[in-house]
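**Student:** Let me give you the structure first, and then I'll get to my questions.
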Amino acid sequence: MTVVPGLRGEATTTVVYENTAEAVGAGGVAVFATPMMIALMENASWRAVAEALDEGYVTVGTLVQVRHLASTPIGQQVRAVATLSEIDGRRLVFRVEAYDEQQKIGEGIHERFIVNLERFMQKNAE
């Protein structure tokens, strides 16, 4: 498989107290936290291309530009969808969206870079 525009990934979670704004310190409200929505979008983006990368290569997140459009209460399922929209060398640009059981709750752009895992880890160990 090859990394090409149009690759799609999805990730889902259920809102529980541990991923609410109140629990993660992102506000005093027990609804799905923005940082957790972003993490789900990152996971969907990673999934979109993980199988298409050459062995020994991974992607790392470098940019998140997201709007959180609506709140989601405990108990609802949230689904993030990422579509690879642009490739510029090692830079990958994804359109990301998140939905709960009623509506779209988030949208934006997420960028990831393709890196050699071994070299990346060596550099971080220095």
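A Cβ is built for glycine as well, from the same backbone N, Cα and C atoms used for every other residue.
Remember, predicted model here, so these are calculated numbers, not experimental data.
TrEMBL lists these features:
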DOMAIN    17-117  domain 'Fluoroacetyl-CoA-specific thioesterase-like'
ACT_SITE  Thr34  active site
ACT_SITE  Glu42  active site
BINDING   Gly61  CoA binding site
BINDING   Gly61, Arg112  substrate binding site
ACT_SITE  His68  active site
**Student:** Rounded to a whole angstrom, what is the C-alpha distance between Arg112 (substrate binding site) and His68 (active site)?
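**Tutor:** On Cα coordinates alone, these residues lie 20 Å apart.
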**Student:** Near the Cβ of His68 (active site), how many other Cβ atoms are there if near means within 10 Å?
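**Tutor:** Excluding its own Cβ, the number within 10 Å is 19.
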**Student:** Helix, strand or coil by DSSP: which one applies to Gly61 (CoA binding site)?
**Tutor:** strand
**Student:** Given the recorded positions Thr34, Glu42, Gly61, which one's Cα is the least distant from that of His68 (active site)?
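**Tutor:** The answer is Thr34.
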**Student:** Under DSSP, is Thr34 (active site) helix, strand or coil?
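**Tutor:** It is helical.
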**Student:** Taking just the CA atoms, what is the gap between Gly61 (CoA binding site) and Thr34 (active site) in Å?
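**Tutor:** The Cα atom of Gly61 (CoA binding site) is 16 Å away from the Cα atom of Thr34 (active site).
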**Student:** When a 10 Å sphere is centred on the Cβ of Glu42 (active site), how many other Cβ atoms does it contain?
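**Tutor:** Result for Glu42 (active site): 22 other Cβ atoms within 10 Å.
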**Student:** Distance between Glu42 (active site) and Thr34 (active site) at the Cα atoms, whole Å?
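**Tutor:** Pair distance, Cα basis, whole Å: 12 Å.
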**Student:** Neighbour count first, Cβ atoms within 10 Å, every protein chain included; then name which of Thr34, Gly61, Arg112 tops the list of recorded positions.
**Tutor:** Arg112
**Student:** Average the per-residue pLDDT over the domain 'Fluoroacetyl-CoA-specific thioesterase-like' (17-117) and send me the rounded value.
**Tutor:** 98
